Amino acid sequence: MTAVPLKAVTLTYVRYQKGDQLGHFLAWVSLVPVFISLGGFVSHFIFRRELQGIFFAIGLIISQFINDFIKKNVQQARPETCLLLDICDSNSWPSSHSQYMFFFAVYFSLLNCKGIGPWGIKNRWFMNVLHWSLAVLTMYSRVYLGYHTVAQVFAGATLGILVGAAWFWVVNSVFFCYFPAIEESSLGRYFCLKDTSHIPDVLKFEYDNARAARNKACKTN
């Protein structure tokens, strides 16, 4: 009986050289897109259900489809280190990790520039530094660990920036006008979808209203 070749699920399949502490660290950095997708956006939908966040996530999904389409048509091989990593059967131009992180970074920065988000104005500079640092580290990790060449990660980063900026323009110039209608729709009401992009400091706004509601409840009781 002929053995059927096995293929690994590469979502969390990251290898590094045993004993390489930097490689170990960068392997975890390489998983940041997974943490953002599963931890960030899933928890965002469960607890906040902001339309800006939902369309942000939709943009990342579209970006991934674009990446897959380009990879299948270009079919550029991975570097020679793919033999050690056992991933030579997959295409690698452009890097999907770099594309994801730079899409995330540019979109997040544009949201901050427009004053959209739960963070106060004083904390926005820190958030910008954080996600751009993670984007650069993720790009570097893919080269260091042998999954991509320098050209492949820069191609992914460039595509991520372009697609992220374009999607931000589409959302905030075209779809934004329909946010009130989505909020008032039967689906929007059922899932409690909302848009708070008109509130300058959402975190402070929610904090003040939560305290006011609690104090009112205490006085009523």
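Placement of Cβ uses the backbone N, Cα and C atoms for every residue, glycine included.
Annotation comment: TrEMBL describes 25-47 (among others) as transmembrane segment.
Looking only at the domain 'Phosphatidic acid phosphatase type 2/haloperoxidase' (53-168), the predicted model's pLDDT averages out at 85. According to TrEMBL, the domain 'Phosphatidic acid phosphatase type 2/haloperoxidase' annotation covers 53-168.
Summarising the annotation, TrEMBL assigns transmembrane segment to 100-117 (among others).
Summarising the annotation, TrEMBL assigns transmembrane segment to 129-147 (among others).
Below 8 angstroms of C-beta separation, residues 51-52, 55-56, 59, 62-63, 66-67, 70, 93-107, 110-111, 114, 135, 139-140, 142-143, 195, 197 of the same chain, each at least six residues beyond the ends of the transmembrane segment (153-179), sit close to that stretch. The transmembrane segment feature in TrEMBL is assigned to 153-179 (among others).
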*Which residue counts does DSSP give the domain 'Phosphatidic acid phosphatase type 2/haloperoxidase' (53-168) for helix, strand and coil?*
87 helix, 0 strand, 29 coil
*Would you kindly list the residues that approach the transmembrane segment (100-117) from elsewhere in its chain, counting only those six or more residues past its ends and only Cβ-Cβ distances under 8 Å?*
32-33, 36, 52, 56, 59-60, 63-64, 124, 127-128, 131-132, 134-135, 138-139, 156-158, 160-161, 163-165, 167-168, 172, 197, 200, 202
